[in-house]
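Asker: Quick one: structure below, then a few questions.
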Amino acid sequence: VEPNATIREIRLMFHKLYPRWYPARQSIKLDPKGKSLRDEEILQHLPVGTTATLYFKDLGPQIGWTTVFLIEYTGPLFIYFLFYFRMTFVYGLDERFTSSPHPVVNLACICHSFHYIKRLIETVFVHRFSRGTMPLRNIVKNCLYYWGFAAWLAYYINHPLYTPPSYGKKQINFAVIMFLLCEAGNFSIHVALSDLQRNGSKTCKIPYPTKNPFTWLFFFVSCPNYTYEVGTWISFTIMTQCVPVGLFTLLCFIQMTIWAKDKHCTYLREFKDYPSHRMPIIPFLL
């Protein structure tokens with residue numbers, strides 16, 4: 001292997017010798033317990049001498065992230081409708097169960113559908129993935145999470161015995177405004193992050209606020225997309241005043257905090273000049 005060979009080129013050489021292990025399945029490391037080397041890394045720039053031993057690990061069958069997101073987000077969109085349209089196998093044949101007297105139920109369906117349609121559009125037209133694939137086995141776990149929670153939320157929100165929020169229209173209107181602002185913010189952050197990887201660049205860069213006011217949250221947190229995402233589900237909880245939605249929101253917050261902390265640590269590790277006042281997900285707190 002030439003000293004100026006990239007890890008991607010080494011993966012391709014390995015694949016040529018062993019066709020079973022295509023590049024996405026390969027984890028190439030300098031140390032068996034170390035992290036995988038990135039495609040763009042060059043051999044002579046790594047901490048090795050005139051000879052180097054690279055360690056290979058089979059990551060198993062892979063699936064593209066675009067396909068993953070399309071599967072994960074399409075499920076909740078259609079599962080919710082099964083409950084919203086009061087399918088007979090869900091709530092029974094009683095005439096009282098065929099429609100809801102509460103306008104908030106219709107509004108919740110619109111907001112829930114809007115959220116997942118937005119995610120699908122972002123997956124196809126906005127997102128740029130630094131890692132092209134994930135292990136195929138994870139898709140089952142992810143779908144159980146998204147699809148299962150969508151069914152649980154929809155069952156209670158569309159249930160014939162559902163009761164509307166305690167403070168009526170004021171509570172609902174406040175929640176809808178908050179929901180729309182958070183969705184706009186989340187979309188704005190995704191566009192800003194996508195712009196950092198124009199022309200196919202996979203190099204990690206520090207994200208900064210743009211002229212879009214929704215991106216100004218970058219002044220305070222490393223992952224404002226997660227901040228807005230949590231805000232979206234908090235507003236949906238307020239709108240529906242439904243316990244399962246609140247539990248889902250709590251789990252989302254916990255998971256996104258973990259992701260945000262990991263990303264924040266990556267920024268601190270990669271960039272010595274990274275803004276020190278930024279927090280992972282909640283300004284000044286967390």
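Backbone N, Cα and C atoms are what each Cβ position is placed from, and that goes for glycine too.
Curation does not apply to TrEMBL; its annotations are automatic.
Heads up, here are the entries from TrEMBL:
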- 1-58: domain 'TECR-like N-terminal' (DOMAIN)
- 133-286: domain '3-oxo-5-alpha-steroid 4-dehydrogenase C-terminal' (DOMAIN)
- 63-85: transmembrane segment (TRANSMEM)
- 144-162: transmembrane segment (TRANSMEM)
- 174-193: transmembrane segment (TRANSMEM)
- 213-228: transmembrane segment (TRANSMEM)
- 234-254: transmembrane segment (TRANSMEM)
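Mind running through what each feature is packed against?
Answerer: For the domain 'TECR-like N-terminal' (1-58), the mean pLDDT of the prediction comes to 89.
Beyond its flanks by at least six residues, the transmembrane segment (63-85) meets 105, 109, 112-113, 116-117, 119-120, 123-124, 127, 129, 131-136, 138-139, 142-143, 146-147, 149-151, 153-155, 157-158 of its own chain at Cβ-Cβ distances under 8 Å.
Within its own chain, the transmembrane segment (174-193) is flanked in space by residues 107, 111, 114-115, 118, 122, 126-128, 165, 207, 210, 212, 214-215, 217-218, 224-225, 227-229, 231-232, 234-236, 238-239, which lie at least six positions past its ends and keep a Cβ under 8 Å from the stretch.
Listed by sequence, the residues of this chain that lie at least six past the ends of the transmembrane segment (234-254) yet keep a Cβ under 8 A from its Cβ atoms are 104, 107-108, 111-112, 115, 149, 152-153, 155-157, 162, 164-166, 171-172, 174-176, 178-179, 182.
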Asker: Report the DSSP secondary-structure composition of the domain 'TECR-like N-terminal' (1-58) as helix, strand and coil residue counts.
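Answerer: The breakdown for the domain 'TECR-like N-terminal' (1-58) reads 17 helix, 10 strand, 31 coil.
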Asker: Same chain, outside the transmembrane segment (213-228) by at least 6, Cβ under 8 Å from its Cβ: which residues?
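Answerer: 182-186, 188-190, 192-193, 207, 256-257, 259-260, 263-264, 267, 277-284.
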